Amino acid sequence: MASSQQEQQACEIAPASRGNSNRIAALNLDGQSPPCIDDYDQQKPGWRKFLPYVGPGFLVSLAYLDPGNLETDLQAGANHGYELLWVILIGLIFALIIQSLAANLGVSTGRHLAELCKAEYPKYVRWSLWLLAEVAVIAADIPEVIGTAFALNILFHIPVWAGVLMTGLSTLLLLGLQKYGIRKLELLISALVFTMAACFFGELSYVKPPASGVLKGLFIPKLSGQGATGDAIALLGALVMPHNLFLHSALVLSRKVPNSVRGINDACRYFLIESGFALFVAFLINVSIISVSGTVCLAKNLSPENADQCGDLTLKGASFLLKNVLGKSSSTIYAIALLASGQSSTITGTYAGQYIMQGFLDLKMRKWLRNLTTRCIAILPSLFVSIIGGSSGASRLIIIASMILSFELPFALIPLLKFSSSNPKMGPHKNSIYIIVISWTLGFMIIGINVYYLSTGFVGWLTHNNLPKVGNVIIGIIVFPLMAIYILAIIYLTFRKDTAVTYIDPVKNDPNLEANMENGQGKSNQEMAFGRVPYREDLADVPLPE
């Protein structure tokens, strides 16, 4: 009798379905003790239980290897050596924490971040958050546009501005090919990206950076030299992207999760393991790129030709860093991998934009139309800068876009931290006190750096530019109120009390379920044992690698 009660307690009750809450009750209330979903899962080997959850983390991690990351890594290494490696370490640790929180939020609530923002905030606030999220998607697409244009320039000697125009068609072609085998296409793209990573690993073993310098850069925070703060913010912006939080919280909804509290907890743990492995690989790649760039460009015996390239190191000219490994074919292989990096990151950006629009506005667009809209907007500044400033101007635009992403981060991060720590949103799955303290501390540290750089950088520029005094006054009148609005918006999101309830206790909120419990009614053994459904069937068509 006691063992029967223990078995019944082991089968937790899942929340009942309510509107968009996508929870399906699976109550075991028969007189017998049928096998519950967790018992069914325990019959599987551990790796077989883990494999169905593989996919979202790796797809999201492609954003950590996009042209924006490559550009900021290359310039950080060329300008500051190993000094900013600690930014990569902290940034990816923070990325792992918040990406796992985004996954937990989706699994536990059955809704993704954009949908929860719509349910929580007043009309004008959620419209503002939607616009900021769309700006983040566009800012993230700018490095992909420029990186693809550089790759086409290297491969076919097409002018950068013409390559920018051609990027509007390249990704549309890639999206069109998905129907012929998305998993094969993603495998090809990932293979090309990791080929470039392998090249940098090989170059790393050739140039042999000093281990003491690398370790010092990783574990001793330091910001010295001209532009170090700006480069650090650009690194953070390239690593921790706002649209990735919306993307990850939605991608996990395409997975089938057992209808039990334990099943939800296991899913969250599996998504954490998958994200941790994917981000660890991304961490090694980013560290190797900075180390190679720093070692080559700061070498005492650097040739005059390489010294000129290091002085203005861009994505276009970075292939010389791989000559020791690839020889004469370095530029071609580098360009192909750069092209793959830009295209794969753009596909993830397209999905993120779809989820943002669907969540905030209940509006869905076809993938090709969504991509074309975003790409056309991103092409405009890229085209203008590439015509006026050439390759160096386009590279500076990548850094600016990464900084914009860093400044945009609080408007996705703060809602995520609040929702994932909220009992009305998450119920028993909310963050522990340790995660709350760590995540908010790191979040406010990044926000503080952004505000400090925004204020000091603008004031420094305002006092040292060559504009007439009247022009400075007009610019100050426009910019200072915007800075105040930025800070006030962060304060509002931080201290506003959440009101919307998304977690539903099945027994307390459904009198019928409680009555069924009292009457001994419940599902059949077969339904109980195999009661698996996608949390979100409307999102289950997202093409993820198996």
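Positions of Cβ are set from backbone N, Cα and C atoms, glycine also.
Not measured: the values here are computed from a predicted model.
Residues or ranges marked as N-linked glycosylation site in Swiss-Prot (evidence: sequence analysis): ASN371.
Outside the transmembrane segment (50-70), and at least 6 residues removed from its termini, the chain residues within Cβ reach (under 8 Å) are 92, 95, 99, 103, 140, 142-144, 146-148, 150, 186, 189-190, 193, 197, 237-239, 241, 244, 247-248, 251-252, 254-256, 267, 270-271, 273-275, 277-279, 281-282, 285-286, 289, 315, 318, 338, 341-342, 344-345, 348-349, 398, 401-402, 405, 544-546. Taken from Swiss-Prot, the feature transmembrane segment applies to 50-70 (among others).
What Swiss-Prot records for 83-103 (among others) is transmembrane segment, and it gives sequence analysis as the kind of evidence.
What Swiss-Prot records for 128-150 (among others) is transmembrane segment, and it gives sequence analysis as the kind of evidence. Distant neighbours of the transmembrane segment (128-150): 63, 66-68, 70-71, 114, 117, 121, 158, 160-164, 166-167, 170-171, 238, 241-243, 246, 314-316, 335, 338-339, 341-343, 345-346, 349, 352-353, 356-357, 360-361, 374-375, 377-379, 381-382, 386, 391, 394-395, 397-398, 401-402, 404-405, 408, 411-412, 415, 489; these residues of the same chain sit at least 6 beyond its ends, with a Cβ under 8 Å from one of its Cβ atoms.
The annotation transmembrane segment is assigned in Swiss-Prot to 154-176 (among others) on the grounds of sequence analysis.
The transmembrane segment annotation in Swiss-Prot covers 187-207 (among others).
Per Swiss-Prot, the feature transmembrane segment maps to 233-253 (among others). When Cβ-Cβ distances below 8 Å are used as the criterion, the transmembrane segment (233-253) is approached by residues 22, 55-57, 59-60, 63-64, 66, 68-69, 71-73, 75-76, 84, 87-88, 91-92, 94-95, 98-99, 102-103, 105-107, 110-114, 132-133, 136-137, 140, 143, 267, 271, 275, 286, 348-349, 351-353, 355-356, 359, 399, 401-409, 411-413, 416, 446, 449-450, 453, 534-536, 539-540, 542, 544 of the same chain, each at least six residues removed from its ends.
As annotated by Swiss-Prot, transmembrane segment applies to 270-290 (among others), with the evidence given as sequence analysis.
Here Swiss-Prot flags 333-353 (among others) as transmembrane segment.
Annotation source Swiss-Prot lists transmembrane segment at 374-394 (among others). Packing against the transmembrane segment (374-394) from elsewhere in the chain are residues 137-138, 141-142, 144-146, 149-150, 153, 160-161, 164-165, 167-168, 171-172, 312, 314, 316-317, 346, 349-350, 353: each is 6 or more residues past its ends and has a CB under 8 Å from a CB in it.
What Swiss-Prot lists as transmembrane segment is 397-417 (among others).
The transmembrane segment annotation in Swiss-Prot covers 433-453 (among others).
The transmembrane segment annotation in Swiss-Prot covers 473-493 (among others).
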Chain residues outside the transmembrane segment (270-290) and at least six past its termini with a C-beta under 8 angstroms from it: 49-50, 53-58, 60-61, 64-65, 69-70, 73-74, 76-77, 82, 84-85, 88-89, 92, 95-96, 99-100, 103-104, 107, 197, 200-201, 203-204, 214, 218, 239, 248, 252
Seg_contact(the transmembrane segment (473-493), the transmembrane segment (397-417)) with at least 3 CB pairs under 8 angstroms, min sep 6: yes
